[in-house]
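Read through the structure below, which is laid out as structure tokens, and then see the notes.
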């Protein structure tokens, strides 16, 4: 870093939040006196800075020619609105002349008339950059500075009358009134002044501009569009009273009021003819993504499709439980959307959604078992009297059945019923599992008949190799009728073996 003397004084430009900066633990930037005018844009106060080089925690940095430190001492405070501060800097060696234009613009922006007069004494042309200083004063609403500039020959009509545009944009009603006296065109730049007065909610100013010829319909009724988008209810109401077209731009005003959740404005626009149907379902999806329950309820009440799969997906993916409840309140049939909701809830681990579905008497356990989702079943508090186990076995989900059995010692299962259906469905693994439990089926002949009917030779072999003297006459007849030669041969062989034994 550059060398500096032990007692060298540095400078920092600070703003109105200076006390917050002083108490901060952030890195502090400062400068030498020869660069101080380059930092005017950062505030309206000047602090003299010394460096606590004897502090063992002190660190000094240089970044792209900028000086900063983690610890500094704040000394004398100067007001940059006071010409004496600039005199002091010049006396200390600061070269002000190369910076006069920037100082002029900075002072005009802040309304520091004394500083403007100060740099004027140095011979600076107040009209530099096509009277830009005057436009900056209008932007800030510094009327004393505006009047001073006009008295000293600056033209308020310079740059296509843009002074009135800035004055209106930033809500400076009195400044606009001053400028109009000098015959500025309030419709300049496509009615910029009115458009931005409406954008920022300045009703009194907007009314004044309209009374003086500003066009409320400029830019395809931009005024009511932007006022609606920005949430200015009273401005929207005022513009409607002045004849603004609420349907302009394919109901732009209503569309964006809804997108910003300004329902009170949306209702106002609809009252005067705006059509909500244009983007109804798209806005519902967007509102769900924002988790805006008020807007979703409003759209649902106005006919939006709450059964839209994108809506359901969005709500469950983001775990918006209150939003789901809102849709139910407005007519969503949970049972009809059960598969979509539970599939996403399972994938995203949304237990609160699953618990809510259970509270609404949706049989989530049955759904999980039917689809063979062991991971999902494990997410559910299991209260099963045996039906879930039976269903899992009949559908061939042995892992789920074993889990349910492990979670409930007080279950009742009709294993004979399960055995018959397992044989019918050809569930070899389930049949073997049931037999391994040393259960004794009560309807073996019936099970054999179902296995034969559906062509499950492997099931027949398991049963008939274990049990003797099973009546299979009907099954032999079925095998002939169904043209199952392998099954027929096996059954006849079983019958012959019985007779031999």
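Quick reminder: no glycine exception, Cβ is built from N, Cα and C everywhere.
Note on the repeat 'ANK 1' (67-98): DSSP counts are 11 helix, 10 strand, 11 coil. According to Swiss-Prot, the feature repeat 'ANK 1' maps to 67-98.
Averaged across the repeat 'ANK 2' (100-128), pLDDT in this predicted model comes to 97. Annotation comment: Swiss-Prot describes 100-128 as repeat 'ANK 2'.
Residues 101, 104-105, 108-111, 113, 116, 164, 166-167, 169-172, 174-175, 178-179, 182-185 of the same chain lie 6+ residues outside the repeat 'ANK 3' (129-158) yet bring a C-beta within less than 8 angstroms of a C-beta in it. Annotation comment: Swiss-Prot describes 129-158 as repeat 'ANK 3'.
The repeat 'ANK 5' annotation in Swiss-Prot covers 189-218. Beyond the ends of the repeat 'ANK 5' (189-218), by six or more residues, the same chain brings 160-162, 164-165, 167-171, 173, 176-177, 180, 224, 226-227, 230, 232, 234-235, 238-239, 242-245, 248 to within a C-beta distance below 8 angstroms of the stretch.
If you look up Swiss-Prot, you'll see 220-248 marked as repeat 'ANK 6'.
Using a Cβ-Cβ cut-off under 8 Å and counting only residues 6 or more beyond its ends in the same chain, the repeat 'ANK 7' (250-278) has close neighbours at 221, 224-225, 227-231, 233, 236-237, 240, 286-287, 290, 292, 294-295, 298-299, 302-303. As annotated by Swiss-Prot, repeat 'ANK 7' applies to 250-278.
Helix, strand and coil counts from DSSP across the repeat 'ANK 8' (280-306) read 20 helix, 0 strand, 7 coil. Per Swiss-Prot, repeat 'ANK 8' is recorded for 280-306.
The repeat 'ANK 9' annotation in Swiss-Prot covers 307-336. Residues 281, 284-285, 288-289, 291, 293, 296-297, 300-301, 344-345, 348, 350, 352-353, 356-357, 360, 362 of the same chain sit 6 or more residues outside the repeat 'ANK 9' (307-336) yet have a Cβ under 8 Å from a Cβ within it.
What Swiss-Prot lists as repeat 'ANK 10' is 338-366. Within its own chain, the repeat 'ANK 10' (338-366) has Cβ neighbours under 8 Å at 309, 312-313, 316-317, 319, 321, 324-325, 328, 373, 375-377, 379-382, 384, 388, 391, counting only residues six or more beyond its boundaries.
The annotation repeat 'ANK 12' is assigned in Swiss-Prot to 415-442.
As annotated by Swiss-Prot, repeat 'ANK 13' applies to 443-472. For the repeat 'ANK 13' (443-472), same-chain residues at least 6 beyond its ends with a Cβ under 8 Å from one of its own Cβ atoms are 416, 419-428, 431-432, 435, 478-479, 482, 484, 486-487, 490-491, 494-495, 498, 501.
Residue counts for the repeat 'ANK 14' (474-500) by DSSP state, with H, G and I taken as helix and E and B as strand, are 25 helix, 0 strand, 2 coil. According to Swiss-Prot, the feature repeat 'ANK 14' maps to 474-500.
With helix defined as DSSP H, G or I and strand as E or B, the repeat 'ANK 9' (307-336) counts 20 helix, 0 strand, 10 coil.
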